[in-house]
Structures are given as structure tokens and as C-alpha cells.
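Sequence annotations record features per position, and here TrEMBL assigns ATP binding site to Gln87, Gly105, Glu106, Gly107, Lys108, Thr109, Asp512. Under the heading domain 'SecA family profile', TrEMBL lists 3-619. Summarising the annotation, TrEMBL assigns domain 'Helicase ATP-binding' to 89-247.
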Amino acid sequence: MFAPLLKKLFGSKNEREVKRMLKTVQLVNAFEEQMVALSDDQLRAKTNEFKARIAKGETLDKLLPEAFAVAREAGKRIMGMRHFDVQLVGGMTLHEGKIAEMRTGEGKTLVATLGVYLNALSGKGVHVVTVNDYLARRDANWMRPLYEFLGLTVGVVTPFQPPEEKRLAYAADITYGTNNEFGFDYLRDNMAFSMEEKFQRELNFAVIDEVDSILIDEARTPLIISGQAEDSSKLYMEINKLIPQLELHVEEVEGEVTKAGHYTVDEKTRQVELNEAGHQFIEDMLTRVGLLAEGESLYSAHNLGLLTHVYAGLRAHKLFNRNIEYIVQDGQVVLVDEHTGRTMPGRRLSEGLHQAIEAKEGLNIQAESQTLASTTFQNYFRLYTKLSGMTGTADTEAFEFHQIYGLEVMVIPPNKPLARKDFNDLVFLTAEEKYAAIVADIKESMAAGRPVLVGTATIETSEHMSALLVKEGIEHKVLNAKFHEKEAEIIAQAGRPGALTIATNMAGRGTDILLGGNWEVEVASLENPTPEQIAQIKADWQKRHQQVLESGGLQVIASERHESRRIDNQLRGRAGRQGDAGSSRFYLSLEDSLMRIFASDRVKNFMKALGMQPGEAIEHRMVTNAIEKAQRKVEGRNFDIRKQLLEFDDVNNEQRKVIYHMRNTLLAADNIGETIADFRQDVLNATVSAHIPPQSLPEQWDVAGLEASIASDFGVTLPIQQWLDEDDHLYEETLREKLMTELMAAYNEKEDQAGADALRSFEKQIVLRVLDDLWKDHLSTMDHLRHGIHLRGYAQKNPKQEYKRESFTLFSELLDSIKRDSIRVLSHVQVRREDPEAEEQRLRQEAEALAARMQFEHAEAPGLEQPEILGEEVDVALATAPVRNEQKLGRNELCYCGSGKKFKHCHGQIQ
């Protein structure tokens with residue numbers, strides 16, 4: 001009740017924060033005259049002065065006004081660009097570890113230089129994270145002259161970079177790279193066999209460009225480094241032949257079967273399920289082709305792998321469509337990012353799904369993978385001491401940023417007011433009518449001399465639009481996942497008068513569309529341009545720029561709504577940069593995916609009530625509200641998926657921290673003799689306790705079993721029974737001491753034979769290998785546990801609690817196994833005296849061979865078939881909930897029973 005009044009009196013929290021920062025902006029501005037008076041050398045020397053002041057204890061906050069003034073002056077001299085006051089506010093937001101929401105064209109790349117420069121002065125490194133390698137290289141090369149002028153070094157990390165080059169990039173003051181590359185390098189570092197092989201320093205400060213794309217869109221799936229597992233390509237091919245024989249099961253109102261089949265598809269959750277008839281049918285088929293033994297069930301423990309293959313085949317055929325979820329390029333299945341429309345070469349789907357798609361397309365099936373290391377973006381980026389980000393659209397996800405990452409969103413005021421017009425959505429009955437209206441709009445805009453950008457959600461739609469325009473004889477450029485190498489080139493000229501560009505989703509994100517085209521790209525295309533040529537290009541551009549402004553600016557046309565409002569806002573944001581004129585309009589039909597799945601019934605009934613004719617469009621606030629409600633549903637579902645992934649990975653993350661800490665301690669130590677001694681003591685205690693129960697009589701001891709276990713684990717045959725017969729005073733405690741003395745003597749003898757240095761080096765390599773092998777197997781076990789844990793909901797158990805309990809037991813067993821297996825190998829193996837350098841070279845070659853076989857996956861997000869995805873309180877409810885296939889009635893519609901009453905007063909009341 002009082003909140004609106006208080007907001008009116010004191011302003012929103014965002015407004016108060018901006019006001020507070022504007023006071024600091026005045027301090028920065030006060031330094032400007034002083035900085036202008038400095039020579040280049042004096043300005044550059046400020047960096048060393050700041051570093052010296054930090055070394056004496058001065059804080060970055062205290063340095064901020066003067067450091068920002070230095071960065072601003074360097075920007076003027078080197079880049080020819082002066083930071084606006086609102087850009088200084090953006091820089092402060094980044095320094096404070098917050099997210100700066102800035103509209104398209106407000107100069108986010110330049111804003112980043114402020115926070116990056118200030119934090120790089122600490123000497124601990126700054127990472128600038130971008131969404132793709134092109135932007136990482138572009139931004140690094142663009143801003144390198146500025147940073148180098150100020151005496152800072154700049155590096156870029158890219159895939160397949162030589163190790164030495166990558167180490168230099170990470171050692172630089174400022175390192176540019178993609179979220180994937182930073183994440184994978186973190187995992188690679190924790191698979192290294194020596195400290196020298198590692199790349200990253202401690203994670204200090206990161207600035208994430210397009211932070212919503214990286215921390216929200218891509219956070220639904222984990223980063224996985226995997227190696228090849230056993231070949232099962234023949235099995236995929238066999239199952240691929242069986243899948244087309246399965247038929248879709250379709251039901252109508254009140255459960256009457258229209259078409260009896262074997263499986264159902266849920267488009268909302270992107271899941272496919274076999275029904276009872278389907279299970280029986282597929283079992284019979286598998287038995288017939290010899291993949292399943294006669295009388296065996298597909299659900300027997302040893303056949304669950306076969307069931308996984310069957311479901312992978314079903315999903316490949318029924319949920320994954322060529323040119324939408326993936327494309328085939330050079331004989332490979334290349335995934336398409338649903339959020340950006342870009343291809344993702346090198347990424348593979350997990351759980352055998354990628355191989356199933358390869359079988360469906362008749363391609364060579366690549367070997368399945370086994371997880372070697374994995375993490376999530378949430379847990380990786382939370383490792384940074386300070387995290388910040390920039391984007392044009394973050395406010396709609398502010399709650400998630402705060403809850404998951406502890407990041408506040410600051411909306412930075414624009415330098416110039418927004419002049420773009422956002423028109424209401426137009427909704428048509430069919431897709432054909434929608435496309436006809438889009439073509440008509442394109443013709444009208446181009447006739448007026450306006451540049452047009454058409455945004456599509458899939459490659460298929462962009463190609464369909466292109467075909468329609470070719471038919472009409474309209475010249476255009478297509479920008480989709482198949483040709484993203486040309487993105488910057490096409491986007492650079494997309495603002496020319498009458499230019500028409502079709503872009504899949506946010507293809508070309510990170511590159512501004514300048515009205516009139518980009519004159520700098522024209523200059524760059526010339527070899528040794530003369531000043532006269534440059535002046536002419538600028539003059540021509542100025543004319544074109546004015547012509548486009550007068551015609552109404554860039555027209556953005558969207559062919560459908562995305563499942564996230566934020567992606568729609570990004571598309572709108574392509575027009576109206578820095579106060580330019582522009583407009584946007586969304587064209588929808590009831591056949592669009594989002595409308596068909598979430599909003600069609602209500603809108604269709606509304607349209608029927610209006611008596612709409614084919615070709616007519618509806619433009620109404622109720623329709624827009626229904627669509628936004630549908631989008632909020634999907635956003636909520638996707639948030640649940642990300643939160644769910646995080647809750648499960650938080651369990652894994654605690655284990656990951658322990659294992660990686662253990663590994664780093666081993667790598668950093670010159671001598672792990674004490675660790676080996678601790679391992680030996682723990683293994684011996686566990687072995688003795690297993691054969692001598694606590695507080696038991698000697699008659700209850702399993703001496704023969706103890707002798708066998710000591711021989712197996714420690715490689716030493718000891719006459720324990722003889723000792724007990726000869727010494728009446730040998731009780732449990734003294735027996736443990738005597739055993740340890742004998743085991744140490746045997747190991748010391750081995751050390752004398754091999755040499756202390758050779759054995760120390762060998763110990764470290766053995767423990768690392770044992771740890772890595774067992775950790776890899778543990779990850780595989782955890783994957784299986786994770787995928788099956790939702791079934792506990794049927795037994796009235798909480799799947800999350802069950803997962804935590806079982807994973808703790810598994811991890812305890814892992815730690816015991818690391819100790820036992822390390823001691824067993826070290827006790828049995830014969831260590832030869834070898835040249836340490838030759839041994840190190842051999843290990844390095846083995847590591848390089850392993851690296852060559854590694855695959856780097858950012859796996860497909862799971863759907864909502866698992867009850868625990870939606871939270872604990874619905875685990876059991878979902879396990880037993882009936883599937884609704886009948887049409888859902890609105891509360892105010894007439895009841896289906898024919899009573900003439902409204903649904904809410906009739907059967908709706910009963911329900």
C-alpha cells in the first residue's frame with residue numbers, strides 16, 4: 001500500500017544507486033583537466049603509480065575516480081572516444097560486482113575498459129568473457145591499443161591454441177575468451193600431471209559480456225570433458241532400423257483412443273515415452289533381431305543400457321529435426337544453439353543421443369563418450385572472487401541473477417532517450433497468412449528506403465522466408481547458423497537504405513547495425529586507402545545515414561515470439577540504438593510453436609468470437625497478455641531446470657572441490673611420502689577392523705582372512721597366526737603396530753632398491769592416476785544415479801535427499817578406494833631406476849595422446865520428464881498424475897457437459 005508512495009518520494013532502489021554513483025562521476029570529472037595536461041608518458045606512468053599505491057595498502061575504491069579519469073583520457077587519445085557520464089556509472093557498476101543493463105549501442109565494450117583497467121591494477125588478472133571466439137578476438141584487438149598504451153598486457157584464449165601461447169594469454173593482465181573455453185581450461189587444469197601444465201591462475205575478477213546469454217541461457221546444461229568408451233555403433237544402427245516401425249499414440253476427449261500406438265510425445269517438455277504396448281512391441285522386435293534374449297525383460301538390471309539406446313533412438317527420430325535442432329555439415333551432426341541460432345561445432349549430446357542422430361542420418365557413428373570431468377557455469381563462475389556482467393536485457397531475470405549468483409542488476413540510464421516505436425503483435429490464424437503479411441511489410445518498408453531486419457527462431461524458418469522473397473524477386477542477405485562466419489560482414493551493411501537481412505534469432509549479436517552502413521568496414525576493405533578516399537566514404541555514409549533516419553530508421557520484423565521475453569527484447573533492441581529512429585513488430589500465427597503449445601485455445605476462441613476471416617490479423621492487448629503469460633510459464637520452467645541442475649551439481653561440486661584440492665596438493669608437493677604413510681595407516685586400520693571385530697575375543701578373529709587381505713593389499717605375506725601362537729601378549733592394538741612395522745620395513749627395502757628420488761616421483765604419478773581413474777568411474781556412477789533417482793518419488797521418498805545420501809556414501813567409498821588402490825599398486829609394482837627426464841617425457845606423451853581423444857561437450861538440457869525437476873513438493877504427485885489430452889476450458893466458457901452453465905459453476909467447481 002505504501003510502496004508506490006515511498007517510491008514516488010525517494011525513487012526506486014535503482015534510481016538511488018545511480019544518484020549515488022553520479023556523485024563519484026563528479027569526482028572523476030574533476031580530474032579531467034589534470035589528465036588532459038599530462039603527456040603520453042606521464043599518463044602511462046600513472047599505471048605504475050597506482051600499482052605502487054595498491055602495494056602500500058590503498059584500496060581500488062579509493063583509486064577509482066583518478067583511475068577512471070586516466071582510462072577516459074587514454075580512450076580519447078587512443079580510440080578517439082570519450083566515456084560519457086552514464087558510461088562511467090556503468091564502469092562503477094562492474095567494479096562493484098554487479099550487472100550493468102545497457103541498451104544496444106550504448107558502448108558496453110568501452111564501458112568494460114573502466115572496470116577492467118581498475119581491477120587489472122591489482123596484478124591478479126581480469127577475465128573478459130564473451131559468447132563466441134570471434135567477439136573475443138575482435139574486442140581484444142579493438143581494445144588492445146588502449147590497454148597497452150596504459151602499460152597493461154592483453155591475451156586471448158581460443159580452442160586448439162598451443163599450450164605455451166595459452167599460458168602466456170592467462171598470464172596477461174587482461175585475458176579475453178569465451179565462457180566455454182574458460183570453463184574447459186578450468187577442468188583441463190584439474191586433469192594436469194604437473195603444475196607447469198596448468199593454465200589458469202586463481203580466479204580473481206570476471207566481466208561477462210552478454211551476461212544473460214552465458215549465465216542464464218547456457219546454464220541449463222553442464223560442461224563435460226569426455227573420452228571415448230567402448231564402440232557400440234552396430235547397436236545404434238540396429239535400433240535405428242526398429243524405431244520407424246513404432247507408431248504415435250493419439251488420444252481424444254475423455255480418453256477415447258483415436259489412434260492406438262506405441263509412444264506419446266509431449267512437446268511442452270520435449271519428452272517421448274513408450275506406453276505398455278510400445279514396451280511389449282519393442283521387446284518382441286529386439287528379441288527377433290537377437291539383441292534381447294528370449295523371455296528377457298527390457299527392464300532387467302543388465303538390459304537397462306539397451307533401454308537407454310531405445311529411448312535415444314526415439315528422441316532422435318521424434319524430437320530432433322534436421323535444420324532446426326541440428327544441421328548436417330561435412331558428414332557430421334552439428335548442433336544449433338536454440339538461443340542464438342549459431343552452430344556449435346565440437347559439441348555433442350550426451351546419453352547416446354548424438355550417436356542415435358548420426359544413425360538416423362546414415363552418418364558414421366562416432367564412439368560414445370565417458371565423462372572425465374564436468375562442472376556447471378553456475379559453479380564455475382561462483383569461483384571468481386568478484387563477478388560482474390553487461391547486457392542489454394537483464395532486468396527480466398534479476399531474481400535469478402540474485403538468487404543463483406548473488407548479483408544485483410543495475411539499469412544504466414541511456415545517453416540519449418529511446419526513439420524506437422514498438423508496435424503491438426499481429427496474430428493470424430495460419431502461418432501462410434503470417435508470412436504473406438511479413439512480405440507485404442518488407443515491401444512497404446523497402447519502398448520507403450528503410451533497412452529491414454527479419455528475425456526468425458530457426459534455420460528452417462529463415463530458409464522458408466528466403467524462398468518466399470526469392471519468389472517475389474526481393475534481394476536479401478541470410479544470416480543463420482550455417483554461415484555465421486560472415487555475420488559481422490553482413491551485419492555491418494544491414495543498415496544501408498533498403499537493405500534486407502534475415503537473421504536467425506540473435507545471430508550477429510555483439511555487432512551493431514549502424515544506420516547507413518559501416519564506413520569503417522568499407523575503409524578496411526581497401527588496400528592502402530588515401531585520405532581523399534576515406535573522406536569520400538565518410539561523406540557518402542553521412543548522406544545514407546541521414547536518408548535512413550528521415551525514412552524512419554531500422555524496421556525490425558519478428559516472425560514469431562521466442563520462449564523468453566528477454567530474447568524478444570534483444571531482437572527489438574537492434575533498432576533505435578543511441579536515440580536513433582526505428583520500429584519493431586512481431587508477426588504471429590496460431591501455428592507457431594509457442595502459440596500452439598501454450599496459448600492457442602484461448603486465443604483461437606477469442607478470434608472465433610470476433611468472427612475473423614482468413615487473412616485478417618488481430619491486434620489486441622489481451623492477445624499480447626496471453627502470449628506474455630505463456631512466455632512467463634516457459635521462463636519459469638527453464639528457471640526450474642537451471643535451479644534443479646544447480647541443486648544436484650552443488651552435491652557434486654562439494655565432492656569436486658575435495659578431489660581437486662587433493663589433486664592440487666599432490667601436484668604442488670615435492671615429496672608425498674607423508675601422504676603415502678597416512679594412506680598406508682588408514683588402509684591397514686580398515687583391513688584389520690574388517691577381520692577383527694571391535695572388543696572381540698581372539699577366537700572370533702578371522703586371521704586367515706587377514707593374512708590374505710594383507711598379501712592382496714600390501715604384497716607382503718606375513719605369518720600372523722604364527723605370531724599369535726608364539727606371543728600371548730599380542731592383542732589387537734599391538735598387532736596393528738607390529739603389522740605397520742613389517743609393512744614399513746618391506747616398503748623401505750623397495751625404496752633402497754629403486755632409489756628414493758625415483759620412488760618419490762613414481763608415488764606422485766601413481767596416486768594421480770589412481771585418483772583420476774576412480775574419479776572418472778565415480779562421475780559415471782553419479783550420472784547413472786542422477787538419471788534414475790526420480791524413480792524414488794514413486795516410493796514416497798524425496799529424490800533430492802536420496803541423491804545427497806547415496807552420493808555421500810559413494811564419495812566415502814571413493815576416498816577409501818583411492819587410498820587402497822594407491823597402496824596396492826605401490827606395494828606390488830617393481831620400480832626400476834629410470835632417467836627422471838625420460839619418465840616425465842613418456843608421461844607427457846601419454847597425456848597429449850589422452851588430450852587428443854578428449855571431447856568437449858556442453859550437453860543438451862534435460863526435459864521435464866523427471867519429477868524432481870519441479871521441486872520436492874511435487875515429486876510424488878507427478879509420479880501418479882494422469883496425462884490430460886482433452887482441450888482445457890476457460891473458467892468462463894460453457895461447460896462441456898451441455899448444462900448451459902459456465903464451466904466454473906459446473907464441472908469446474910467439482911474439479
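Keep in mind that glycine also has a Cβ here, set from the backbone N, Cα and C atoms.
Walk me through the surroundings of each of these features.
According to DSSP, Lys108 (ATP binding site) sits within a helical segment.
This prediction places the mean pLDDT of the domain 'SecA family profile' (3-619) at 86.
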Where does Gln87 (ATP binding site) sit in the DSSP three-state scheme?
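It is helical.
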Neighbourhood of the ATP site (Gln87, Gly105, Glu106, Gly107, Lys108, Thr109, Asp512): other residues with Cβ within 8 Å of the Cβ centroid, in order?
Met102, Thr104, Leu110, Val111
I'd like the Cβ neighbour count for Asp512 (ATP binding site), meaning other Cβ atoms within 10 Å of its Cβ, all protein chains included.
18
State the count of C-beta atoms found within 10 angstroms of the C-beta of Thr109 (ATP binding site), not counting that atom itself.
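Excluding its own Cβ, the number within 10 Å is 17.
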I want to check the contact list for Gly105 (ATP binding site): same chain, sequence separation of six or more, C-beta distance under 8 angstroms. What comes out?
Asp512, Arg577, Gln578, Asp580
Which residues does Glu106 (ATP binding site) neighbour through Cβ under 8 Å, counting only same-chain ones at least six apart?
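Long-range Cβ contacts: Val86, Gln87, Gly90, Ile412, Pro414, Asn415, Arg577, Gln578.
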Restricting to the record's ATP-binding residues (Gln87, Gly105, Glu106, Gly107, Lys108, Thr109, Asp512), give me the longest CA-CA distance in Å as a whole number.
17
Counting only residues 6+ away in sequence within the same chain, which have a CB under 8 Å from the CB of Gly107 (ATP binding site)?
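Set apart from Gly107 (ATP binding site) by at least 6 residues yet with Cβ under 8 Å, we have Met81, His83, Phe84, Gln87.
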